[in-house]
Each structure stands twice: as C-alpha cells, then as structure tokens.
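A short write-up of the structure that comes next.
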C-alpha cells in the first residue's frame, strides 16, 4: 500500500458566524489505521467530520483525502474521490423510500455499469459481511436501530472504499449491540485493509477499536496519540474526560452578568448558510 | 405597553426582505441546476434517468387523473350553468358555447390542474425533501457522489413539464364535454352540433395558451416545493410547517403568474 496518508488536515480553522468552532486542527490518518476522533458534545467533532466529508468549506486550512486536496478539486474529481470513501451516518440515513437492498445497491447503480445480476450478488455479499443476510427486501422502517446501523455500513462499503467514516456508530444502542458494531468495524479493517475514522464520545468502544485517538476539546486538538498514551496522559482535562468528571467552569463575573441580562451573542449566521448547494 | 422601536421594525423588515430575496435566488439556482443536469448530466456522469422521471410521472400524472376528471367535469358544468343564467338576461343563451369554450381552454383547465397538482405533488415533494434533509439523507447522497439536485429535483421537474400540459389537455376535453352535455340538454341542441361549434370557435392559439401556462405552473409547483422542503429546520414540526407553506406559495405563484402571463400575451 502506498505511503500517502489517507487523511491529512493542516491548520484547519472554521467559524459559524463570529464563533470559531475549530482552531488550528492538524491531524494525519495512516493507511489501514482506525482513528478515533473523541470529544464531548460541542467539542467540534461533528463539524470536523463534515469538513472531512467536504460538506462544509473551512475558513482556512488544507484538507487532503487520499492525497487530494478536497477544496481544490473539480466537481468530477470530487465525484471520483467520493466513490473511494464511504460514510456511515449516525442515524444511518438510509433512504426511507427504498428497500434495504436498493439502498445498498444505489451507489453501484449510479456509479458503475454492472448488470443487475452482479449488483444483486454484490449487495447480498455486503449484507452477509454485516450479518444482515436475508433482509434486503425489508424497508428501513422495519429494521431495529442496530440493524439500521449495519445496513448503513453495508451501503458505505459497497464500493470497496479505501476510507470509511463512521459518525457515532454506537450512539443510541444497547451495550451488546454497540459492542457488535465495534467488532464489525475491526473486522472491516482486517478484511479490507481500509482506514477507518470513527467519531464518537463512547469511551469503551474507543479503547476497544482505536489505533490512535484524537481528543478534541473546544475546537482544539487536546491530544493525538496511541490508546495507551492517552490513557496514561497526565493532562487534567483528558483525565476528566476519561473518568467522566464534570469540569468546574471558570467563573467570569462579567460574562455571567451579561448572560443574566440576556445580551445577545452574535450568532446570526447559521451553519446551514455555509453549505454548498442543496 | 411596550413602545414600538422604529429601528427594530426597520431591521425586521430588512431581514425579511433579504430572506425573501435569498429564497428567490435559491429557487433560480435550483431551476438552473436542474435544467443543467437534464441537458448535460449524461456527459458529466450524472445522468437523469428515464426510469425515475417515469416513476415521478406516474405519481404526478396518472394518480391525479381521477380527481382532475371529477373537478373538470364540475367546472365545465358550473360554467355552462352560470353562462346560460347570465346570458338569459340578454336573451343570448345560444352564445354560451363561446364563453364556456374559451374560459375552459384558456383559463380554468390549466388553473384547476395547477392547483390540484400543487396540493397533491408539490406538498408531497416538500415533505419528502424536508424529511430527507432532517434525516441526513441529502448529505448521504452528496457524500456518495450523487448530486442531490440531479437525483431529487431534476426528475420531478422533467415529469411536471411533460405531464402538466397532458393533464391540462385532459381537463380541457373533460370540461368541454361536461359543459356540452348540459348545454345540449338545456338548449335542446345535439352534442354533435355543440362539438362543431366548439371546433369552429377555438383556435390553436387558445389551446397553446393554456398548455404553455400549465407547463410554467408545473415548473413553479416543483421549484416552490423543493425550495420549501430544502429549507426545513426543526424536526417533524418543521416539515409540516414547510409543507403547508409550499402549498400556499405554489397556489399564490400560480395565480399571480397566470395574471402576468395573460397580461403579457394578450397585449
């Protein structure tokens, strides 16, 4: 496998209105590694993911996916790049008007000239991989939460991507099902050799699957290291996160008074307005 | 009582105007992009597939036939009854066919078709897009390398532009037939005589006037539905709100455009 990093982020800065959400974020994901982006709510991890997926445009900074700078690509090049990466969204984001099988077959139908028989075989093959064999004719509304996540994984890997993104794979699942999703992620990496980027706040699953962890806090990379190094980190904020301690917020009397008086923050520009297209 | 703050009022007014303008711009962009994908999609490896246009056409057109038939029959009858009643004042009942034929073909058939399709398909389109947006399905299309405008907007737009004139033509025929039944019974004429009269009175221009309008209504219904659906925020309640808004906007757009079109064309 080539030595170009799967993902390379250099000095990424981004704003929602006047508020800076990501501050000088830099990271590198090596080929074949499971890279976990961890952080509490509001740490900017979802924003970072949306940038990696090319759904948002950064204020400044460079993002290279599989060696290509995504904000400098033409529409066609971006389309080619997107066929080499898969995404499993938090909610699954299966198309509710299509059966599970049609959902999984959609990228093949849109991006390849394979005949229907081959598409059917590939679809069933991927369903086997995620242990959902025989469910292809069901509609997404007839599946349980864990099954929806599995089907989303099957759709994400149907084009055999070199890079897989997972947004909160274990959110909203019971511990047993969540753990089976972790096993699935490990199996996918071992079987297909893809790099996997997982965004999560689930500590158990992070320690189980991660090769390296990036801890994001208030839009900054607090730490980026191997699992053991993060576990033994002397940094107080990391230990707070790992031991589920709430942080004492520093008290700023002026800011407190301003909040009580209800002075508005300037947050009028909504994130949606920065989206490209529809 | 709170004192009204004129600067706050001005600010609200300005923001509302800016919002409206940006929505208008979004609509124009969507229309442009859809036409772009319809024409050039094949060469950009994002073809608009005939199968999905056909599926939309079934949904918009064939499924709407029964209700369009019922309402055009009613409109035809209503116009015949009103026409004869009004013209009786002058003893000119025999001239009723002229009024009925022209108003059905030029005005009522396209308008009633447009309003029905706005209520049925425009709202469905808004609800579908809105739900897809809040479920991240649109993001999911984008990251798969499938252009959402090409995949979700272009097929219904193409289907509407083809189907609306066809539905209007059907509404013309049904409306005229129903009016003919009433007129020939009431004025003791024959259907054949009525048909002859209609054919000699109507010019191709009248028919095309109605059909061209209906194609424009189709574009309006689609774009208004999509713009509202794509602007959904705030969960299921937001979807409901935007669906209602899309029907109201689409019908208003149809009626206003109709007036402008008639004004421009008849000068």
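Every residue gets a Cβ built from N, Cα and C, even glycine.
The transmembrane segment annotation in TrEMBL covers B:20-39, B:60-85, B:108-130, B:151-170, B:207-227, B:247-266.
Contact between the transmembrane segment (B:151-170) and the transmembrane segment (B:247-266) is absent: fewer than three CB pairs lie under 8 Å, with pairs separated by 6 or more positions in sequence. Per-stretch counts of Cβ pairs under 8 Å to the transmembrane segment (B:247-266) identify B:108-130 as the leading one among B:20-39, B:60-85, B:108-130. Taking Cβ pairs closer than 8 Å, the transmembrane segment (B:20-39) reaches residues 46, 48, 147, 149-150, 153-154, 157-158, 219, 223-224, 226-227, 230-231 in its own chain, all 6 or more past its ends.
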